[in-house]
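I have placed the structure first, in the form of structure tokens, so that the comments after it can refer back to it.
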């Protein structure tokens, strides 16, 4: 056979003898790319249909509540909407990256509770300053995220099972630390965080916007952001391409714990009371916002900017129903329906379903 006519497969099959060919180095363009799924009918409608639908839904909701209540479209109430979503928004920005990476963190509500409790205990029982207490709370949030990462990366347990378990674990520890009691926190530092305004907007809103900006830049422009997309799209191919799959998951879950601890401190600052049950149910609101924004449960797909719109939709619905004096249990029902709708939209976009 003429050597010039040999195919790469023929050369690589010379596994015996001294003429064994050296291993072929993968080409740079073989790195995994976000998953290309068979386009479902929903995905083929319009490239920007999802953006238009999200913005349209937000506009329709605002218009409807403006007609239903004269108090909705006022400066004070719109700022109140932003203040109310600052906590779930802070977590949702990072949760978008978590879902893009193919993971899921359901322990964020409990991390909010335990970190707020720790800060309050350190200030009330040990007489430490607010900055030290906040630093300890943020560190605890990272530790909680690292515990989740250890179980997922080292023990190879499904992230859903891991974070359901740690959800109960962290919540139980919060009750143990406080003996089930509330702890009042009165400090100028926390009052400033909870109620001061910068350029008309409350401080928690600026914190949320800062976290969203950071997450957006990471996802859109950083090398690590592209790694997160690749890991969520195809972990096996990412490993073969030499990408740090495990390291990416550890970092993203630690960041999720950190974001939850920031949200816990914001809740403590706004309420002035550390409650061991704080943050209960917030993981579902966060998940709903992220899914409404178009991030896929399957991983490898999502945009941080869309999540912000999803957060605003939830805030507008909750605020509007409150202004209309809708009982809280109906609002809970609405939240459940919204989560089911978000999951159904995700399934339709991917052309997938339960089998």
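Note: Cβ is positioned from N, Cα and C throughout, glycine not excepted.
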Inquiry  = I'm validating the feature mapping. Which of 248-267, 268-287, 288-307, 308-327 is tagged transmembrane segment in TrEMBL?
reply    = 248-267
Ask   = Given the ranges 198-219, 220-241, which one is assigned the annotation transmembrane segment in TrEMBL?
value = 198-219
Request  = May I ask which of the stretches 52-73, 111-129, 160-178, 198-219, 248-267 has the most CB pairs under 8 A with the transmembrane segment (85-104)?
outcome  = 248-267
Query = Going along the chain, which residues at least six beyond the ends of the transmembrane segment (111-129) come within the CB cut-off of under 8 Å?
reply = 87, 91, 136-138, 140-141, 144-145, 170-171, 173-174, 177-178, 183-185, 187, 257, 260-261, 263-265, 267-268, 274-280, 282
